[in-house]
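Per TrEMBL, domain 'Kinesin motor' is recorded for 44-350. Under the heading ATP binding site, TrEMBL lists 133, 134, 135, 136, 137, 138, 139, 140.
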């Protein structure tokens, strides 16, 4: 009788456990739905503005009143005042963004603005973050951090990867299993180069292809994709990519990035207990800096690089504008950069 009672008690506990597991799963799916709803209400396309500090060699040029002002009311406004002789004073220009980071903002503060998008990537939504600006404005610093940087100065890429791995460990407690693979390429003069392969070991030029004739999904055959399980492995890939990236000295920047650097983390999630799958790509892009030809004094190879950079940046602007306006035609194919990211910019991507 005691054994029968214990078996009945065990059966009741198993049923209760199954009920709790079902409730936990339903709560997790509801969390995903609400999280995505919040992100879409914030806007699938957002623009942040970060102003870097004045460098020591620029101090002498900073004369007169401050040109930039940061109203403290909302953290979303930026005021530019420019002295103009014809007006015998200064002209004021007001700008608004989804968020403005003044020169004193830390790398951690910048990452916090996109940290929720990292969760979206784990939930199965593709996420794309661009660093856009003039040459020397601090894009590579923001995305990667300085060489041999400490924890506080790490950029968005290592912080995002750490957030992805941390989030996957938390979701493992709810039955989810994740696989990750990373790739790193650059787009130089409208050609694709694998940054995880040494220059002397590179083969034929990489091309963007359809996965199959019946699919709109694109991929880059022969691009090296490295399985990763820890943040330290990604940091090693960052160092390899930085050593292989195309940089050059120009009149505006001693180490100007002459290519668009595209880091992609492919995420595949699987819940074996419920046969659920989710896949996404986290793309973190350090764009080459825009330059005015009359100021960069570019000639020869540097001139061709600048023209290719400015043309592809203009195309990116047109694509983002077309997506914002929900236009029927999006000019993805006008540059290798936007064509490569075609699957990760429209639809439900962030």
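Cβ from N, Cα, C; glycine included.
As the structure is a computational prediction, the values presented were derived from the model and not from experiment.
Confidence across the domain 'Kinesin motor' (44-350), taken as the mean pLDDT and rounded to a whole number, stands at 85. Cβ-based neighbour count (10 Å, all protein chains) for residue 140 (ATP binding site) stands at 21. The least crowded of the binding-site residues 133, 134, 135, 137, 139, judged by other CB atoms within 10 A of its own CB, is 134. Cβ contacts within 10 Å of residue 138 (ATP binding site), excluding its own Cβ and spanning all protein chains shown: 17. Within 10 Å of the Cβ of residue 136 (ATP binding site) there are 18 other Cβ atoms, across all protein chains.
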